[in-house]
Amino acid sequence: MALNKNHSEGGGVIVNNTESILMSYDHVELTFNDMKNVPEAFKGTKKGTVYLTPYRVIFLSKGKDAMRSFMMPFYLMKDCEVKQPVFGANFIKGTVKAEAGGGWEGSASYKLTFTAGGAIEFGQQMLQVASQASRGEVPNGAYGYPYMPSGAYVFPPPVANGMYPCPPGYPYPPPPPEFYPGPPMMDGAMGYVQPPPPPYPGPMEPPVVSGPSAPPTPAAEAKAAEAAASAYYNPGNPHNVYMPTSQPPPPPYYPPEDKKTQ
């Protein structure tokens, strides 16, 4: 746990270039107790913003308080609990130890009160990230930022509570591979094989047009007219035409003899 080592002159929070801000909440109050020799910076109630990174919790106070920033790494925190009192805002409490060169000594009990809400969400995320960090896992959404010459990155104060946005000009980290899955590999045994097209017969030959036939004779025309006149058409069966059977020609006509000649 370090004192006044994670803030900038412009009011932003400073983290290492291998960290990222996972979550932040404004309108948070921080108090300490159970300290033998209470330094001046630990007295009273601190008001500001709390940040969650993959490896620690950082509190950034507002105003001209002697405690400008306060950092608590997970490996120095214990007995963390989320409390929901009947009266008052929800809060997170626990114990933290000082680290070597952190600006103070000993241990202290802390209390983070979320006056505008968010204690349950922040506490659940903090416990999950701390558990992953203890196993050496990289928490979800924890992407490192490009190398900075100073070895740190300055985040401006957040606009609103919730997830902290990426800094301006920094390309958003690529989504995990399972976020935009590509098309599944097709099994060869299940693939659909289109049959080949039928053989092409080639261009069709133009129809053969016979030459002009001989003009019909008057006798043929008369015979056709006679057949058409004697044909029978049935409307119920329009595809068939009934024609009478061929009969022998009638006998020759003889004019009656003149009675006078008889």
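Just so it is clear, glycine is given a Cβ too, placed from its N, Cα and C backbone atoms.
According to Swiss-Prot, the compositional bias 'Pro residues' annotation covers 197-206, 246-255. The compositional bias 'Low complexity' annotation in Swiss-Prot covers 219-231. The domain 'GRAM' annotation in Swiss-Prot covers 1-84. The phosphotyrosine annotation in Swiss-Prot covers TYR192, TYR232 and rests on similarity to another entry. The region 'Disordered' feature in Swiss-Prot is assigned to 197-262. According to Swiss-Prot, the motif 'PPxY motif 1' annotation covers 196-200. If you look up Swiss-Prot, you'll see 249-253 marked as motif 'PPxY motif 2'.
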Model confidence for the motif 'PPxY motif 2' (249-253), as mean pLDDT, reads 70
Taking DSSP H, G, I as helix and E, B as strand, the domain 'GRAM' (1-84) contains 6 helix, 43 strand, 35 coil
